[in-house]
Amino acid sequence: MELLIFAAVLLVVFLVRLRREPRRIVNGVYLLLALAFGALWLLTLTGYSSDEAVVALLLRAAPLFAAVIAVFLLANGWLMLRREGVQLANALSLAAGLAVIALVAGVSTALTKAADDTGAADWLLVAARSAVLLAGYLGFAFTAFLLYSVVYGRVPQRAGHAAIVVLGAGVPQGRVQPLLAARLNRAAELYRRELAAGARPVVVTSGGQGPDEPASEASVMAGYLHARGIPPEAVVEEDRSTSTWENLRYSADLLAARGLEGRLLVVTSNYHVLRAAVLSRRLGLRADVRGARTAWYFLPNAFVREFVALLAQYKAANAVAMVAIAAVLPLLALPN
């Protein structure tokens, strides 16, 4: 019963925090913990004790889950490289799959050597367990991020936005690629929905000009929207930004200079929604974020990239947590 109470309390905390500020990434941690305690409680209904349920979930389900994830990531990595070209940015899911395999192989090797070499057994076991704890931390964080990315993208948003900001993407040869087209089509759909609700937002196309682009992303995006019925007077171009942070910052500055105030509706790809939301909060913007659909095979690699970017964004906190996790078992193993 205690497990169910923990799950219920965590779920209530999640719902309260979601209502107050849905752009906090830690909301996903509360949701995942609530689901984990709920799963443990369900296991107790099958006859397991609380301790046995934890063992069943961690020691039996986790290895199988790791194997399935590794195979899936490797297959997706191969598909990404085949369809999108051999580039480092397209190999992240492949690298993640190899990392999972390396972890399992390394831990298995350490445990085998520990069984054969009693002199090094203690330290090999400590190293293996520390590696598992670190992997558990990263796995839990990634699962919370992935889960909350899906949830946040489906949180209902009321109409009445002052502006719709479309985040840019590359326009080689001055052409709108499918990923960017999906964002623009989504923005046009949301613009018409705002009009139907009585709002009169402007649409900001945000993106600078790269070295391989004949024009700024903003201008190419604006032309795409004009061709699809969005009036030119409703479109504003922000053509200086080179990152998501700059997309949001420069767009907000541009709107403020025009005297436009109110909530923003940021449109990006579905895998990018949560990081854009987190950045908008850090910038102090009143903003909601909505995502456009992305080809299914692109998502695993993209979510890995977004997760790595968020780890880097909070690098100090993550570094402290990972060092503490890696050090706790070796410190406990030191002789008195």
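Every residue gets a Cβ built from N, Cα and C, even glycine.
According to TrEMBL, the features are:
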type     : residues : note
TRANSMEM : 28-45    : transmembrane segment
TRANSMEM : 57-79    : transmembrane segment
TRANSMEM : 91-111   : transmembrane segment
TRANSMEM : 123-148  : transmembrane segment
DOMAIN   : 163-304  : domain 'DUF218'
TRANSMEM : 316-334  : transmembrane segment
Report the mean pLDDT of the predicted model across the domain 'DUF218' (163-304), rounded to a whole number.
93
For the domain 'DUF218' (163-304), what are the DSSP-based totals of helix, strand and coil residues?
72 helix, 26 strand, 44 coil
